[in-house]
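Engineer: This is the structure, below, for whatever I ask next.
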Amino acid sequence: MEDSLPLHVCHVHPLSIFINRSHALVHSIALALLFYYRASFFLFQDPKTKATPVLPWLLVFASELVLSFIWLLGTAYRWRPVTRTAFPERLPEDDKLPAIDVFIFTVDPDKEPTLKVMNTVLSALALDYPPEKLHVYVSDDGGSPLTFHSMKEAWRFARWWLPFCERYRIKTRCPEAYLSASKDDDEDFGNSEFIRERKKIEERYEMFKESMTEVKERVKLGDNSRITAQDHPSVIEVIKDDSDETIQIDQPKMPLLVYVAREKRPSLPHHFKAGALNVLQRVSSVISNSPYILVLDCDMYCNDPTSARQAMCFHLDAKISTSLAFVQFPQKFHNVCKNDIYDTQLRSCYTVMWPGLDGLQGPVLSGTGFYIKRVALCGSFILEDIDLTELKQSFGASNELIKSLRGNYKPDVGFLYNSVAEDFLTGFILQCKGWISIYCDPLRPQFLGSGTTKLNDLMIQGMRWSSGLVEVGFSKFCPLIYGPPRMSLLESMCYAELTFFPFYFLPLWCFATIPQLCLLNGIPLYPKVRTHTYPFPSCPAVTFK
């Protein structure tokens, strides 16, 4: 009976679809009337209005066309919105679950506090998943000794933290978030044994933070100026620590933890995060070669330990698994105020746009919080022989990596370098190749991160995103040209809306200045309201405008 139950359910919302499509129809009629009025001004100009300056009309008309074009592309999001529910309890036994590699990325310990990064690492190690099938890789793009030695301290603390989480079924498995939250959230808070164990964990965590401070001081004293963030050799090390004899013998097995710092030289391009992603992909192919990969930013900790099992509800569904590339979870933040005046949470993206995309061919690859299938990135399995030289050109010169491919593979995607928005472009190309994606948004946030709260940081982040999106829009991968022959028209419209949305500022700037100047100078831009006179029997005629 359990085998016949679905692992997930897709909910289509007919009422929302009807409202959205009706609104699009009414809005389109209004736009058509507006364009007729604008065109009639130029084609059938009234002699009385010949003295009206043409430039303001042209600017306003062009702005209305741009806004209408972006709106038209955005209607595709609302064409068929869906939501999904996963049932992790219906998954097969643990020994039948596939292995997962977790990729965590950090660059600068000054901008990304090491303690916060280690909390993300600990939350990933504590995922509710068989530990022998979980492998965590940390990419340190700055090659910092502080990050390397801090990972060893985190590993020691994890040997206490993971059994505690497993024994008492802790939901929040980021130590900092759990220990700073209200104690009333614990189901077993009234248990005297639990109280003692929690106190021990609190003491261990304080010791862990003190050890992190000592590591920082040692690194400062032994700082090697020849190794910088942009110039350092490669380092790959599996983190282990067998020196602590106080750990009990019956401790459960720990997941694999690997530190990776790729080689960086000033004379060679490193391709930012996309380059780091591809390096971890190659390294993990040799060490663990798990069929699925979870990608996380260093400040995006696992807030719900069941995210891996929820993602597997979709990846293991025989009906869609052969074409499913990745499962995307929304980005949510723990440090954003209630007002959120900068919209750091990107509410329209994760409440309107991504559910709409999910009803078409799937959401956009969003940089963090997604479980992606390795074969979708590495290539597709083929039966015919392939030249070894061609494989090495695509995957590097490592013989061990070539062996790890477990057969003959045709080079496919990887994370692309054509744009700084590597996640957006990679997801777009995957879907153009026939892959689909899933958007899963459970009630409890699966991942929580630190959102930008300063205007300066927000502008830098927005500039980077906008430049990457526009770069794609004006490249050979323009969604309106490259997409329609390879994916649905509505999906292409959604991708195009994202690439052209940064131009939204041009018509807004125009509407913020031109109508006001025209009003002050008596230049009409919109139809005048006609005057009608309605006589009343017992009073003089009253005129309404």
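Using N, Cα and C of the backbone, Cβ positions are placed for all residues, glycine too.
In case it helps, TrEMBL gives these features for our protein:
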TRANSMEM  24-44  transmembrane segment
TRANSMEM  56-79  transmembrane segment
BINDING   LYS111, GLU112, ASP141  UDP-alpha-D-glucose binding site
ACT_SITE  ASP141  active site
BINDING   LYS273, ASP297  Mn(2+) binding site
ACT_SITE  ASP423  active site
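Quick one: where do these features end up spatially?
Structural biologist: Long-range Cβ contacts of the transmembrane segment (24-44) within its own chain (Cβ-Cβ under 8 Å, at least 6 residues beyond either end) map to 54, 57, 61, 64-65, 68, 71, 75, 78, 527.
Within 10 Å of the C-beta atom of LYS111 (UDP-alpha-D-glucose binding site) sit 9 other C-beta atoms, taking all shown protein chains into account.
The 10 Å shell around the Cβ of ASP141 (UDP-alpha-D-glucose binding site) contains 23 further Cβ atoms across the protein chains shown.
The C-beta environment of ASP297 (Mn(2+) binding site), restricted to residues of the same chain at least 6 apart in sequence and closer than 8 Å, consists of ILE104, PHE105, THR120, GLY367, THR368, GLY449.
Counted within 10 Å of its Cβ, the other Cβ atoms near ASP423 (active site) come to 22, all protein chains included.
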Engineer: Out of LYS111, GLU112, ASP141, which of these binding-site residues is nearest ASP423 (active site) by C-alpha distance?
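Structural biologist: In terms of Cα distance, ASP423 (active site) lies closest to ASP141.
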Engineer: In whole Å, how far is LYS273 (Mn(2+) binding site) from GLU112 (UDP-alpha-D-glucose binding site) when you measure between their Cα atoms?
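Structural biologist: So the Cα of LYS273 (Mn(2+) binding site) lies 15 Å away from that of GLU112 (UDP-alpha-D-glucose binding site).
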Engineer: Whose Cβ lies within 8 Å of the mean position of the Cβ atoms of LYS111, GLU112, ASP141, the UDP-alpha-D-glucose site, other than those residues?
Structural biologist: THR106, VAL107, ASP108, PRO109, ASP110, GLY142, CYS298
Engineer: Just jot down the residues in the same chain as LYS273 (Mn(2+) binding site), at least 6 apart in sequence, with C-beta under 8 A of its C-beta; none if empty.
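Structural biologist: Sequence-distant Cβ neighbours: PHE105, GLY367, PHE415, GLU422.
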Engineer: Tally every other Cβ atom lying within 10 Å of the Cβ atom of GLU112 (UDP-alpha-D-glucose binding site).
Structural biologist: 18
